[in-house]
Amino acid sequence: LFAPNLLLDRNQGKCVEGMVESFDMLLATSSRFRMMNLQGEEFVCLKSIILLNSGVYTFLSSTLKSLEEKDHIHRVLDKITDTLIHLMAKAGLTLQQQHRRLAQLLLILSHIRHMSNKGME
C-alpha cells in the first residue's frame, strides 16, 4: 500500500545501531496489514487518525480556542472512525466482524506510535 515495490533487506539495517529492531517492528506491522488484507481506503483512514491524534494533547494548551480546536479534531476523528466502519460494512462484514476488525486496526496504531517513538530516539 505504501510502497509496493520497496524491498528492504534486514541486513542493511545492521550498519546503523537500533535499525534492526526498527526493521523487525516494521516487518511485523506490515505483515499484520497483509494478513488482515488491509484495503487502501482503510490505510488512508489509519494514516489520518495517526496524523490528527499525534498532536491533540501535546501541542494545544488549555485556552478556549485550543479547546475548540481539540473538539473539532475529535469530531473529525469520529468521522474517520465512522468511515472505517462504513468501509467494512460495504465490504460485507457482519457487525461482529466489523467490531473485531476495527479493534484490530486501532490496536495496530499503538505499534506504529511505538515505532515512531523509536525512530525519534
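Along the chain as shown, residues are numbered 1 onward.
Quick reminder: no glycine exception, Cβ is built from N, Cα and C everywhere.
Over in Swiss-Prot, the protein carries these features:
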DOMAIN    1-121  domain 'NR LBD'
LIPID     C45  S-palmitoyl cysteine
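Confidence in the domain 'NR LBD' (1-121), given as mean pLDDT, stands at 82. Counting every protein chain shown, the Cβ of the residue listed as 'S-palmitoyl cysteine' has 21 other Cβ atoms within 10 Å. In this structure, the residue listed as 'S-palmitoyl cysteine' is part of a helix by DSSP.
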